[in-house]
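A.B. asks: One structure coming up, written as structure tokens, with questions to follow.
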Number of protein chains: 4
Amino acid sequence: MAVIAFIGLGQMGAPMGSNLLRDGHQLKVFDINPTAVQQLVEKGATAAVTPAQAAVDAEFVITMLPNGDLVRSVLLGEQGVCDGLSPQALVIDMSTIHPLQTDALIHDMKQRGFSMMDVPVGRTSDHAIAGTLLLLAGGTSEQVERATPILMAMGSELVNAGGPGMGIRVKLINNYMSIALNALSAEAAVLCEALGLSFDVALKVMSGTPAGKGHFTTSWPNKVLKGDLSPAFMIDLAHKDLGIALDVANQLHVPMPLGAASREVYNQARAAGRGREDWSAILEQVRTCAGLSH
Amino acid sequence: MAVIAFIGLGQMGAPMGSNLLRDGHQLKVFDINPTAVQQLVEKGATAAVTPAQAAVDAEFVITMLPNGDLVRSVLLGEQGVCDGLSPQALVIDMSTIHPLQTDALIHDMKQRGFSMMDVPVGRTSDHAIAGTLLLLAGGTSEQVERATPILMAMGSELVNAGGPGMGIRVKLINNYMSIALNALSAEAAVLCEALGLSFDVALKVMSGTPAGKGHFTTSWPNKVLKGDLSPAFMIDLAHKDLGIALDVANQLHVPMPLGAASREVYNQARAAGRGREDWSAILEQVRTCAGLSH
Amino acid sequence: MAVIAFIGLGQMGAPMGSNLLRDGHQLKVFDINPTAVQQLVEKGATAAVTPAQAAVDAEFVITMLPNGDLVRSVLLGEQGVCDGLSPQALVIDMSTIHPLQTDALIHDMKQRGFSMMDVPVGRTSDHAIAGTLLLLAGGTSEQVERATPILMAMGSELVNAGGPGMGIRVKLINNYMSIALNALSAEAAVLCEALGLSFDVALKVMSGTPAGKGHFTTSWPNKVLKGDLSPAFMIDLAHKDLGIALDVANQLHVPMPLGAASREVYNQARAAGRGREDWSAILEQVRTCAGLSH
Amino acid sequence: MAVIAFIGLGQMGAPMGSNLLRDGHQLKVFDINPTAVQQLVEKGATAAVTPAQAAVDAEFVITMLPNGDLVRSVLLGEQGVCDGLSPQALVIDMSTIHPLQTDALIHDMKQRGFSMMDVPVGRTSDHAIAGTLLLLAGGTSEQVERATPILMAMGSELVNAGGPGMGIRVKLINNYMSIALNALSAEAAVLCEALGLSFDVALKVMSGTPAGKGHFTTSWPNKVLKGDLSPAFMIDLAHKDLGIALDVANQLHVPMPLGAASREVYNQARAAGRGREDWSAILEQVRTCAGLSH
């Protein structure tokens, strides 16, 4: 069993700490909220008055904080973790912060001789309580291996994201996609309602198409991801259909800001000469706009 | 076996017509492209010189044309279908057109004593050739029942969309969702590349979350669709994560027009007092903006 | 004084017709609304029962209708203008319609031997009443010269837009710019309010900068319009400032969809290597995206 | 003549400092770039090795730095201005930073007994050299009065923005408006080019309308700003015209992301029942979306 400093006992951190205690680990906790600290102490944790004090003798330091400025301050600020940390310890930041901040923190910690990895989590506070979080581990192989037994006290599935900083990156991509998709889904569902179409019928149809299954595993793998842009469904036609949908939505007063933005992406793809390419070529179009194509 | 007028022998219409012939139906075809007509004639169809002539004696008239103006012209214009059509015949428009045009056409045909339904198709020209199209049938129960044997010569799956005009509606919703989602997916994939993250890792993670599975069957059913807006994941936090993603994307020069538009939707939801509601409440937010809420 | 057929007596057309009568012209009017017709008849016009009848003996035919389909139908449909029109007459469409429809109409009329020009109007119904409309004349020099005396009965300023179809084009550009600018201005004004800043102070400052004066005559003429992209104000800095504004707006719950879209344009400009160019280079960036650059 | 600490000798700061020297002030300068420091020293300034040292004995401290984190660090960090500052001195931040950061800095300085104001500048580095900057002064009346003689050494026009933090706010609004407007102007100009319309003709027309003159002083003052929403130009018609423009742009492959976003704003205004209100009511619509209406 390990000695673990746990800093940040919020809605996620508190149950994560409880699960570490339940697994028999020795916990030293710090939070600015004394009630949160007290609740963990009642379960067997020791209270620390500064992050530095929590870090003394710890084999692992876990941070679960609302933003990157706080993580930086807790690690590198006055009375911060670094002031008490052993060079043999492993710092695990489980917060959701800006990936470029994560990179900078890992770099700065390394310069001071400390080892740090990023393991943000997926799923909800219910999963935090149940110990069934999704663990997105960014670190060297050694770091991931070393942290796994500790992490698995808090989660039920661990994804090795492929290196330091990659845990927070995959969290970011996943959240970006799901959060924006939520807004797009709302546009489609509201247009459905405005058209008087049964949502169940729409769901039934979409469940068998990229509308419901996404593109990553349907329309892309045998096309753009293989470099084949010959059209199964042409960008020109996709652009036309989008125009019809927006026209109908505007007649019915359904605001579609994402749809409107997407039409301009197809529009630009056509201006770039891609009108007769497969719709999956939108990926290449966006890559080009981002300066990633040759 | 039925007598069928088939008008519009393009990339989709030609193989659909062939499949009707293969099933033993008697086909009278019309297209402005003589080569397309000739190819069907060689397979046993009869050529008509006008839509009206094709319609004479037909039990079914199928139209498969590029846009609604053409469908209207072919049906109601000079030498159009109506000039030869029997009141007992059933007109089936299989084109992808503007749903409000479909409504108007069904209405105008009815006024002249004719029966019309909409059955746009899903999937690709390969499926048209194989006779495995998805048939999205809009019509009365009687129309759908009557058309089914004919339609099943061209497709492998028929969805009863729930009434006249609903076939084209469900097609529109499905295409809207999949086409806009394609552009959103490209943003996520390009951000992934710009971040140096393995796309396979991203896919693996997203395959288990709404990012990959969509919201219709994951985050919505037990929340907004049941009227429960208590937060599993708060709009405020979703908005924050979106902000981080956009900030990173802007630092890395990845244009994210859909993501940027979506942040403003969350922004507006927060202005409307929904910040602490579940992210699925975005559906209610968009409904309100569309004037659909009480 | 001329014999003029006037078709379309709505909010704009009615006072325009009145002003032609006041100037002593002989007016033959047509509208589907009998009340509108009656009011012009009381002022001295003659009622026609079809557009064709109105056109008989007319030296000029003026159309002022809500959309291009109606203009087409009134000119080329059954009992349309063409059925009564003399080849010596000049048709002047003053409606605001789709410019590519205007082109097609001018072309189709020419094929039948008729002369047509486009003269949409600017300003409001108050100006229509006062006879002080802005006349945006699209036509050959001969057409413009011939129409000018008639047109000046309805307006106080005539701009020769440079050829057939150019009147409607300049109207479109002007309206696009002013209508979208209205929404952008609202974003700025609401952010101003949310920030607790006096709108008068903001106006005072903006009145001296491109924010209030526009870019066409300030930041562009000596820069991008001369091919000089050396930075007076760098795209990188403009992008940064836009990011601050959006960040503040999102903290204050002010939705900024246009601002959000504009940041992605600057983002893309930076991806294209323009970060250190003058902000007026956004014009070149958009030209490139539209496929207009070499 | 005053003793002034000047911190931040970049493209703007260096000439601003020179102008203060030219006016006879005694300057103590600090920058991390020794070359920049040396150049001011050659003109008569004294070099300081820390911000704290620069602040000793200064009556005014001017900061001109790239971002708010730097301003905070220079003022409140180790060896920062506060470590040397007299309570009688006035700190003037002339940087362009985040307004909520400005508020926090003014607050934190006040808590330590120091007086601070914000005076960001308008115009370009050429104006900095010529001493003709636009000075946007945020501060109490006393602060503005006291700073004015110093500020006028660097600029030719001073706007009293109305209180502490208001200088940076008006800078932000002005820049937001002008930077986003630049992108919108590019869309209009590129559509103009794609339509084959002379830009000079477009300019001529727009120079007399809100498209060129903006809305703040044309379409708004007698309408929405007076609470009169009776239509001079209806939202429904503006929405229609925007739809035509976007349709044309999409046919011609001109991407219009701002235009597309603006249509959805009008769309939403119509959903909110504002279709027959004056187009200036878009201001009220955006206010409502921002939660600012009753």
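All positions are counted from 1 along the displayed chain.
Placement of Cβ uses the backbone N, Cα and C atoms for every residue, glycine included.
So TrEMBL lists these for the protein:
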{"type": "DOMAIN", "residues": "B:4-159", "note": "domain '6-phosphogluconate dehydrogenase NADP-binding'"}
{"type": "BINDING", "residues": "B:GLN11, B:MET12, B:ASP31, B:LEU65, B:THR96, B:LYS240", "note": "NAD(+) binding site"}
{"type": "BINDING", "residues": "B:ARG123, B:ASN174, B:ASN175, B:TYR176, B:MET177, B:SER178", "note": "2,3-dihydroxypropane-1-sulfonate binding site"}
{"type": "DOMAIN", "residues": "B:165-284", "note": "domain '3-hydroxyisobutyrate dehydrogenase-like NAD-binding'"}
{"type": "ACT_SITE", "residues": "B:LYS171", "note": "active site"}
A.B. asks: Near the Cβ of B:GLN11 (NAD(+) binding site), how many other Cβ atoms are there if near means within 10 Å?
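C.D. replies: I count 13 other Cβ atoms within 10 Å of it.
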A.B. asks: Quick check: of the binding-site residues listed here (B:GLN11, B:MET12, B:ASP31, B:THR96, B:LYS240), which one has the Cα closest to that of B:SER178 (2,3-dihydroxypropane-1-sulfonate binding site)?
C.D. replies: B:THR96
A.B. asks: Give the distance between the Cα atoms of B:ARG123 (2,3-dihydroxypropane-1-sulfonate binding site) and B:MET12 (NAD(+) binding site), rounded to the nearest whole Å.
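C.D. replies: The Cα atom of B:ARG123 (2,3-dihydroxypropane-1-sulfonate binding site) is 10 Å away from the Cα atom of B:MET12 (NAD(+) binding site).
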A.B. asks: Reduce the DSSP letter at B:ASN174 (2,3-dihydroxypropane-1-sulfonate binding site) to three states and note it down.
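C.D. replies: Note: B:ASN174 (2,3-dihydroxypropane-1-sulfonate binding site) is helical by DSSP.
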A.B. asks: Cα-Cα separation of the residue listed as 'active site' and B:THR96 (NAD(+) binding site), in Å?
C.D. replies: 8
A.B. asks: Suppose you look only at the domain '3-hydroxyisobutyrate dehydrogenase-like NAD-binding' (B:165-284); what would the mean pLDDT be?
C.D. replies: 97
A.B. asks: With NAD(+) as the bound species and B:GLN11, B:MET12, B:ASP31, B:LEU65, B:THR96, B:LYS240 as its recorded binding residues, calculate the greatest Cα-Cα distance and give it in Å as a whole number.
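C.D. replies: Largest pairwise Cα separation, rounded: 55 Å.
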A.B. asks: Please report the three-state DSSP label of B:LEU65 (NAD(+) binding site).
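C.D. replies: In the DSSP reduction, B:LEU65 (NAD(+) binding site) maps to coil.
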A.B. asks: Rank the binding-site residues B:MET12, B:LEU65, B:MET177 by the number of other Cβ atoms within 10 Å of each Cβ and report the first-ranked residue.
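C.D. replies: That would be B:MET177, with the highest Cβ count within 10 Å.
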A.B. asks: Report, in whole Å, the straight Cα-to-Cα distance of B:MET177 (2,3-dihydroxypropane-1-sulfonate binding site) from B:LEU65 (NAD(+) binding site).
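C.D. replies: Approximately 23 Å lies between the Cα of B:LEU65 (NAD(+) binding site) and that of B:MET177 (2,3-dihydroxypropane-1-sulfonate binding site).
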A.B. asks: Can you tell me which of the binding-site residues B:GLN11, B:MET12, B:ASP31, B:THR96, B:LYS240 is spatially closest to B:MET177 (2,3-dihydroxypropane-1-sulfonate binding site)? Compare CA atoms only.
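C.D. replies: Checking each of B:GLN11, B:MET12, B:ASP31, B:THR96, B:LYS240 against B:MET177 (2,3-dihydroxypropane-1-sulfonate binding site), the shortest Cα distance is to B:THR96.
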A.B. asks: Can you see whether DSSP assigns B:LYS240 (NAD(+) binding site) to helix, strand or coil?
C.D. replies: helix
A.B. asks: Round to a whole number and give the Cα-to-Cα distance in Å for the pair B:LYS240 (NAD(+) binding site) and B:TYR176 (2,3-dihydroxypropane-1-sulfonate binding site).
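C.D. replies: Between the Cα atoms of B:LYS240 (NAD(+) binding site) and B:TYR176 (2,3-dihydroxypropane-1-sulfonate binding site), the distance comes to 27 Å.
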A.B. asks: Between B:GLN11 (NAD(+) binding site) and B:ASN175 (2,3-dihydroxypropane-1-sulfonate binding site), how far is it from one CA atom to the other, in Å?
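C.D. replies: Answer for this pair: 19 Å between alpha carbons.
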A.B. asks: Measure from the Cα of B:TYR176 (2,3-dihydroxypropane-1-sulfonate binding site) to the Cα of every one of the binding-site residues B:MET12, B:ASP31, B:THR96, then give the nearest.
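C.D. replies: Spatially nearest to B:TYR176 (2,3-dihydroxypropane-1-sulfonate binding site) by Cα position is B:THR96.
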